[in-house]
Amino acid sequence: DFELESIFEAVCALNTLQTNVSVLDQVQRERSELPELQLQAMRGFLHRTGLTVDKLDHLNIIHVTGTKGKGSTCAFTERILRDYGFRTGFYSSPHLVQVRERIRINGQPISKELFTKYFWEVFSQLDATKDSHGVNMPAYFRFLTILAFHVFLQERVDLAVIEVGIGGAYDCTNIIRKPWVCGISSLGIDHTSILGNTIEEIAWQKAGIFKPGVPVFTVKQLDRPMTVLQDRAKEIGCPLWVCPDLEQYESGAGPLSLGLAGQQQRCNASLALQLSKTWLQRYRQSGLAAPIVENRLVSQATAFKPSPIMVKGLEVTEWPGRTQTLRHGPVTYYLDGAHTTGSMQACVHWFSQEIQQEESSNSPVIRVLLFNTTGERDSAAMLKLLEPCQFDFAVFCPNITETITENNADQQNFNVSVENMLTRCLDNQISWQSLSGTETKQGSESELLIKGRLPLLAKTRTHTMVFPCILSALQWISQGRDAVLAAAGSPYLPVQPSVTAKAEPLREAAQVSVLVTGSLHLVGGVLKYLDPSLAS
């Protein structure tokens, strides 16, 4: 009977577990007051589906947290171990286009058939027991975490790479008791209402995934968070290792090549090498943990010569929506889900390097920013970092793929009202105008000479636009010049003649370069149209 239920119905049922915007504040207050009860509740939900935490020990888990780069680290690690011939499970968040992306086997999102089958198995068990336990259904992310564990056990994976959702200590993935190895990517400020306002508080939360005797690897951190990590490692009783620079590994064939672009990926790749090597060592010891060296606070992990499989794995890793480039005829899209000031600095560095190469030809290029943020993110701070990129157009839209969303269950978000989304877009437009001094002084058309920049086709000030959805923004930016977008067959959304007139430079330019950033949800909505294979 489970097979009869469509994937659409499953995702609609899943969406009923999203927290309505009106009660989100209350949930955040409860979470900060009684965080340890979160894990207790999670164990209860797991038990109701017929699983116990000790069964999770069979998944031979690699558990990874961090503020930025944890997903990329997981992607590198999973690819390396898959290429060794292991059957891998990989749980990550958020999804870009389809919710099935969060639960992968051998690098591929589980099929619609498998998702539907396992979804209704877990959902039905929880639904049938909710009255007797006096507890309702688990929230969206908790449910997906339980579903992932269920899938990985049923599908008999050799290992599971588990990316933490938010934080670490009280994240629902932290019901894991005996991972084989843990990793911490770069730490920074994010999710302050849940994790705390200082880098030390955030480091304490992230270090909550440490387990007695389980080795932990971290990228190099600033002194203050590193001290917290050391203290937590000593308190919990686990060895803590700091990863070397990627340049220190002997590849034997020049510098290691990475499938993911951007300088920041080099520390993620080093962390992935240490995690995969440590996992392989334990596997070869028949799953026995290595003996722990006592009284060692923190050690420098040794750079080694990566095996040919490791070298190739790093080179062919794919992780969409992070420093990703898509060329569609005259329109080139640069996609990066950066949503903290730290990751935005890395995004700007990557985009600037890419655009320099792109613009080395003599043909004029128009630069467009497509931007949105969610949650409590500091939009103004991120826009300030983007302002020196000299965009000709700054376009803002909410994370709504289309103004009509009946057939779009994967990308519905009930946690934010549409009114709030549009208000934020207008706020972002005002922030950009004040930063760049644009469209506030009427008629200020004085010539602007930018060092190393070709003559602009657009007016010298940045034009700013707000659109009601992602599709309308993309259609306006591409002006019918992107064959993939045109082939999608979506109805062209009407705009006012004055807005069409503004787009003349986009129609005339030899090249249009579009940076999409500020939110992974925005990037996912864009990819739905630009890479139809992700939505198939």
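Note: Cβ is positioned from N, Cα and C throughout, glycine not excepted.
Curation does not apply to TrEMBL; its annotations are automatic.
Record features, source TrEMBL:
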type: BINDING; residues: Ser93, Glu163, His191; note: Mg(2+) binding site
type: BINDING; residues: Arg322, Asp336; note: ATP binding site
- prompt: Hey, what's the Cβ neighbour count for Ser93 (Mg(2+) binding site) at 10 Å?
  reply: 19
Query: Near Arg322 (ATP binding site), how many other Cβ atoms are within 10 Å of its Cβ?
result: 27
Query: For Asp336 (ATP binding site) and Ser93 (Mg(2+) binding site), what Cα-Cα distance in Å is obtained after rounding to a whole number?
result: 15
Message: To the nearest Å, how far is the Cα of Glu163 (Mg(2+) binding site) from the Cα of Arg322 (ATP binding site)?
response: 16
- request: Take the C-alpha atoms of Arg322 (ATP binding site) and Ser93 (Mg(2+) binding site) and report the distance between them in angstrom, rounded.
  value: 13
